Amino acid sequence: MAVTRTFSIIKPDATRRNLTGAVTKMLEDAGLRVVASKRIHMTREQAEGFYAVHKERPFFGELVEFMISGPVVVQVLEGEDAVKRNRDVMGATNPADAAEGTIRKTFAESIEANSVHGSDSDENAATEIAYFFKPEEIVG
């Protein structure tokens, strides 16, 4: 397997409960390395742009409101098959369906407040990383 990068967001429900360290530890324990990280409070424009793919979906407005409701931690993760590895440790979107030991099973409050976002493909990872990070901010 090749070493690749993926993008992760620790969402407001998790940062509000001071879970940034616990979530990051689970990611690192899964073999992912944090090569860039910053805590930000997304603007409405940032959230709408980031989630533009969902603009026509009925949950778009609620998603944007949730993502701007508090600080988030955006991260670039690196490791072998990083997208898949990150998605495996995150667990299913719906925490009720997530496997034991995953981030969402352990920390998510609901399907909406599910603690983390992770890229779903290498292509989307590259786009999402570039949305929040300049190349010089990523230190491998």
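Cβ coordinates are placed from backbone N, Cα and C, and glycine is handled just like the others.
Copied from Swiss-Prot, the annotated features are:
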- His117: active site, pros-phosphohistidine intermediate (ACT_SITE)
- Lys11, Phe59, Arg87, Thr93, Arg104, Asn114: ATP binding site (BINDING)
If you count the C-beta atoms lying within 10 Å of each candidate's C-beta, which of the binding-site residues Thr93, Asn114 ends up with the smallest number?
Thr93
For the binding-site residues Phe59, Arg104, work out the Cβ neighbour count at 10 Å and name the residue with the minimum.
Phe59
Counting across all protein chains shown, how many other Cβ atoms sit within 10 Å of the Cβ of Arg87 (ATP binding site)?
19
Over all pairs in Lys11, Phe59, Arg87, Thr93, Arg104, Asn114, the listed ATP binding residues, work out the largest Cα-Cα distance in Å.
22
Run through the Cβ atoms and count how many others sit within 10 Å of the one on His117 (active site, pros-phosphohistidine intermediate).
20
Counting across all protein chains present, how many other Cβ atoms fall within 10 Å of the Cβ of Lys11 (ATP binding site)?
26
To the nearest whole angstrom, state the Cα distance for the pair Arg104 (ATP binding site) and His117 (active site, pros-phosphohistidine intermediate).
10
Cα-Cα separation of Thr93 (ATP binding site) and the residue listed as 'active site, pros-phosphohistidine intermediate', in Å?
9
